[in-house]
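Here's the structure we're looking at; comments come further down.
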Amino acid sequence: MPVKIPDHLPAAGILESENIFVMSETRAANQDIRPMKVLILNLMPNKIETETQLLRLLGNTPLQVDVDLLRIHDKESKHTSIDHMNTFYRDFEDVRHKNYDGLIITGAPLGQIDFEEVTYWDHIREIIDWSQQHVTSVLFLCWAAHAGLYHLYGLNRKILQQKRSGVFVHRRTCQHFPLLRGFDDEFFAPHSRFAEMDIEELKQHSELQVLAQSDEAGAYLVLSRNNRNLFVMGHPEYQKSTLNDEYHRDLAQGLNPNVPQNYYRNDDPKDDAIARWHSHGSLLVSNWLNYYVYQLTPYDLSDMSAVTPWESQ
């Protein structure tokens, strides 16, 4: 959250140059405050686990957040009861007429399937297109990040020979971005995917900017230049046991998976996993919610034309 300071205080320029969020008394006096409305499109098989992971991060901020859960279809989920889905989830037709401050689109276990071959691809495209007019900021996670970059910018991914699974060191490639406030120079984040984007293609795209990357895992944080779309190539929401659960699931299915890198103590699956990314995940979602949702969204959500770009603040 911002520090409110007197108008024209000399320290303001110094703090802003250090990427510290300060707000003048004049601007603070004109701020309206209300709960943030966030929609979550949950594409993961275990709906309840993913709900818990995302709500844990959203709940770790000073802002009040009202959450709606969205499903892609009304078919029964393999890992979640239809009663749960019917009770807590909405269909797109229920929210199509609404506007939201934020939208989170989760990953999905579809890493090796061409986007156009995904059975609900048309629904994904429709929701992404809708979000560009009805949502202040969209957070795309893992598979959804690849899908969003493909649909919005025509960028395709490369399928990997082996699943990339593990916890990798990342570094900031830009400095003075609100999203990166409080980030260490290097930080950890988990990945679990069968594909990757071409980082040079991302860097050369005029509408995108790469904010963080890994020597081992490639591009990690990519932001559209209009600040409306944030693409996160990993899984900062994962809890400590998730990569372990996925590894043993793949073993049971005879997929001969590689051991997740930098995850188990001594890289031995018989030892405990080490969670190195929770503080990063909390800070990432907090910064997104504060700087790219709360600070930019209109008080009156019926008027999305009032979304304030960063350069106007």
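Numbers run from 1 along the shown chain.
Even glycines carry a Cβ here, placed using N, Cα and C.
If you check Swiss-Prot, you get these features:
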{"type": "ACT_SITE", "residues": "C142", "note": "active site, acyl-thioester intermediate"}
{"type": "ACT_SITE", "residues": "H235", "note": "active site, proton acceptor"}
{"type": "ACT_SITE", "residues": "E237", "note": "active site"}
{"type": "BINDING", "residues": "K163, S192, R249", "note": "substrate binding site"}
{"type": "SITE", "residues": "G111", "note": "site 'Important for acyl-CoA specificity'"}
{"type": "SITE", "residues": "S192", "note": "site 'Important for substrate specificity'"}
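Where Swiss-Prot records a feature, it is marked here on the structure.
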residue: G111; record: site 'Important for acyl-CoA specificity'; DSSP class: coil
residue: C142; record: active site, acyl-thioester intermediate; DSSP class: coil
residue: K163; record: substrate binding site; DSSP class: strand
residue: S192; record: substrate binding site; DSSP class: strand
residue: H235; record: active site, proton acceptor; DSSP class: coil
residue: R249; record: substrate binding site; DSSP class: helix
When you look at K163, S192, R249, which the record names as binding substrate, what is the longest CA to CA distance in angstrom?
-> 13
Which number gives the other C-beta atoms within 10 angstroms of the C-beta of R249 (substrate binding site), all protein chains shown included?
-> 11
Tally every other Cβ atom lying within 10 Å of the Cβ atom of E237 (active site).
-> 29
Across all chains shown, how many C-beta atoms besides its own are within 10 angstroms of the C-beta of the residue listed as 'active site, proton acceptor'?
-> 25
Could you name the residues, excluding K163, S192, R249, of the same chain that surround the substrate site, i.e. Cβ within 8 Å of the Cβ centre of those residues, in sequence order?
-> S165, L243, E246, Y247, D250, P257
Across all the protein chains here, work out how many other Cβ atoms are within 10 Å of the Cβ of S192 (substrate binding site).
-> 21
Do any of C142, H235, E237 (active-site residues) have a CA within 10 A of S192 (substrate binding site), and if so which?
-> C142, H235
Listed in sequence order, the residues of the same chain lying six or more positions from K163 (substrate binding site) whose CB sits under 8 Å from its CB are G111, S192, R193, F194, D250, P257, N258
